[in-house]
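Novice: Quick one: the structure is below, questions incoming.
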Amino acid sequence: MGTNAPPRREPFTRGPHEIYFKNLSKPKQKEVMDKNGSNHKLRVCVATCNRADYSKLAPIMFGIKAEPQFFELDVVVLGSHLIDDYGNTYRMIEQDDFDIHTRLHTIVRGEDEAAMVESVGLALVKLPDVLNRLKPDIMIVHGDRFDALALATSAALMNIRILHIEGGEVSGTIDDSIRHAITKLAHYHVCCTRSAEQHLIAMCEDHDRILLAGCPSYDKLLSAKNKDYMSIIRMWLGEDVKTRDYIVALQHPVTTDIKHSIKMFELTLDALISFNKRTLVLFPNVDAGSKEMVRVMRKKGIEHHPNFRAVKHVPFDQFIQLVAHAGCMIGNSSCGVREVGAFGTPVINLGTRQTGRETGENVLHVRDADTQDKILHALQLQFGKQYPCSKIYGDGNAVPRILKFLKSIDLKEPLQKKFCFPPVKDNISQDIDHILETQSALAVDLGGTNLRVAVVSMKGEIVKKYTQLNPKTYEDRLELILKMCVEAASEAVNVNCRILGVGISTGGRVNPQEGIVLHSTKLIQEWSSVDLRTPISDALHLPVWVDNDGNCAALAERKFGHGKGIENFVTLITGTGIGGGIIHQHELIHGSSFCAAELGHIVVSLDGPECLCGSRGCIEAFASGIALQREAKKLHDEDLLLVEGMSMKKEEVVSAAHLIQAAKLGNIKADSILRTAGTALGLGVVNILHTMNPSLVILSGVLASHYVNAVKDVINQQALSSVKTVDVVVSNLVDPALLGAASLVLDYTTRRTY
């Protein structure tokens, strides 16, 4: 790669990139001129804005002009073509024997960002009149310049079909955004590389309207055989210059970082002066910052330096010969990374203006060209080398393909373009109810016996539920919680549920603000001073809420049950223990030390049975499942439990269920125990009524239906008349602890602040 070679390099050898340009004719590209009427010629408007786009458009224009039986050509010239400072390059269009239908002066001088915007606006003001007069069937727009954006916008709004050349490519600066914007406006696309074609497809453009043709300028590059190239070199660089012993420099401002690009240009000129080789410097384009770059050239005396030739424009045919036989090209022009590769000429690409472009191995990128030494070192590495000729951007047959593509356009097809969006998973519905249903929570219920985890939807549906025995140790319990939560969260994705957070219901006294279990009941071992929020949130990357199981039951009723819309109510849980929650003015009461609503420990008898809390006569000591089991065992030990219709296996454990069954079957002693338990619970409720004055009491849990009538009777007998109108109902919720844990999440993350 760095060896000397003969001065003439013919770019005609086959390479790997040439293969994919073979057999590009697609079945859709049949010549169907009769679609548009046998006598109809396709009226094509080609608009050119500058010397660079004309080099790509000229081969197409020659092709169109050569087939007058199929096409009518109108040429519109605008932009920097008509500015003296940029070479009045419209003259080369006239020299190529094209009739220019319209010349539009659209450039607002100033060469800054505002001038670019004003130039687009001026073009938009002037173009409608031209297009109304021409009435083209199709407009051909090239590239990514701001002038081209004005052309595409005007044509699209005036219902004129657009054929965009060189869409789908990737580069730096604002050009990238402009190029893709034109793509979205264009109806048809001619791209130069396989990658560009894939980008267009990824941008949802219709594959049937994309032609992979190669770059039109390559048609000229690869057929350039000028044996008198030395006369061209001497004309532009001097009589004493030899092939591969000079440099071509072409650098433009970077509109997204003008200050840096000017500094980089200054460093480039310093490096070229130090390198001391004959250099042809072309003036920059008309972008914002170009005026400052010209000032830098003049400040350094480039126009009068013996080693430099500064020019505004070189005709494309001659420019081809100059870069084909140069020792190196330097700058940030797309020409360096595209066309020059066809000759294997070494290129130094400076900065980010061409970032993302496909390049051959002849290109050395200096992304951070922030010192003279870096650029000078790049010149030393690249100058005079010879690289293999690259055909990434074309094989020399783009124009015939483009003409065939133009002939295939059916003007009877609807003008409105269609986008080909990739397939996505179908949603069942997009109405608000469906969205609410899919918002879900992970609910965890830590009971004395079981550990349960569920996916609960916004409407209170338990979508998935998992149950395991609650481990006896803290470490095993926490490990199991995490394992079950991870499994449930993974399954939630499959059932179209989006998990908003984790809610945990647990026995004991809880600080919900910190997510800490302060101390637990004797039913759950090793469960005091436990931080639940931190490890679970860290593992699942979800917010976590924790509260007492009685409070969670109240929250479940408020969101999903009888308490929905009720301002003041109390929930009592009758299960293994007795718990509850208080809703006052729609809010849950926690108390100053998070001990509110320990309703099971309201004392209803000073000499009652001993409670697990250490006191005597608590509601829980009379009416809990444990209390009923205790009394059932006493009866069983005295052989007073079983009655006719009941049986028990020897190994069967006596439970509260046996006491209830015995009472139903006529066991007087069992029935008396249940009535005493119901009375104790009723007295506790009366105390609550006299303290909180709720409008509703909800009995929840497995024993609720056995106690509800007894509670109502006690209220009628013992309560003040002002509270006797209270409603006492049995909860209709199947899993209040899980639903309450879910409501911790769902209320907080949607409408309510809990």
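Glycine is treated like the rest: Cβ placed from N, Cα and C.
Bear in mind that TrEMBL entries carry predicted annotations, made automatically and left uncurated.
Per TrEMBL, the features are:
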- 70-407: domain 'UDP-N-acetylglucosamine 2-epimerase' (DOMAIN)
- ARG509, THR521, ASP549, GLU598, HIS601, GLU620: N-acyl-D-mannosamine binding site (BINDING)
- ASP549: active site (ACT_SITE)
- HIS601, CYS611, CYS613, CYS618: Zn(2+) binding site (BINDING)
Novice: Expressed to the nearest Å, what is the distance separating THR521 (N-acyl-D-mannosamine binding site) and CYS613 (Zn(2+) binding site) at their Cα atoms?
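Specialist: With distance taken Cα to Cα, CYS613 (Zn(2+) binding site) is 8 Å from THR521 (N-acyl-D-mannosamine binding site).
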Novice: List the same-chain residues at least 6 positions away in sequence whose Cβ sits under 8 Å from the Cβ of GLU598 (N-acyl-D-mannosamine binding site), in sequence order, or say none.
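Specialist: In sequence order, ARG509, GLY550, GLY579, GLY580 meet the Cβ cut-off.
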Novice: Would you kindly give the Cα-Cα distance separating CYS618 (Zn(2+) binding site) and HIS601 (N-acyl-D-mannosamine binding site), rounded to the nearest Å?
Specialist: 5
Novice: Express the predicted model's confidence over the domain 'UDP-N-acetylglucosamine 2-epimerase' (70-407) as a mean pLDDT, rounded to an integer.
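Specialist: Summarising the domain 'UDP-N-acetylglucosamine 2-epimerase' (70-407) by its mean pLDDT gives 92.
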Novice: For GLU620 (N-acyl-D-mannosamine binding site), just count the other CB atoms lying within 10 A of its CB, please.
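Specialist: Looking across every protein chain shown, the total is 28.
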Novice: Distance check, please: Cα of CYS618 (Zn(2+) binding site) against Cα of ASP549 (N-acyl-D-mannosamine binding site), rounded to an integer number of angstrom.
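Specialist: It is 19 Å, counting Cα to Cα.
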Novice: What is the separation, in Å, between the Cα atoms of GLU620 (N-acyl-D-mannosamine binding site) and CYS613 (Zn(2+) binding site)?
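Specialist: Between the alpha carbons of GLU620 (N-acyl-D-mannosamine binding site) and CYS613 (Zn(2+) binding site) there are 9 Å.
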Novice: C-alpha of CYS611 (Zn(2+) binding site) to C-alpha of ASP549 (N-acyl-D-mannosamine binding site): distance in Å?
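Specialist: If we compare the Cα positions of CYS611 (Zn(2+) binding site) and ASP549 (N-acyl-D-mannosamine binding site), the gap is 19 Å.
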Novice: Between the Cα atoms of ASP549 (N-acyl-D-mannosamine binding site) and CYS613 (Zn(2+) binding site), find the distance and write it as a whole number of Å.
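Specialist: Approximately 17 Å lies between the Cα of ASP549 (N-acyl-D-mannosamine binding site) and that of CYS613 (Zn(2+) binding site).
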Novice: Considering the binding-site residues CYS611, CYS613, CYS618, which residue's Cβ sits among the greatest number of other Cβ atoms within 10 Å?
Specialist: CYS618
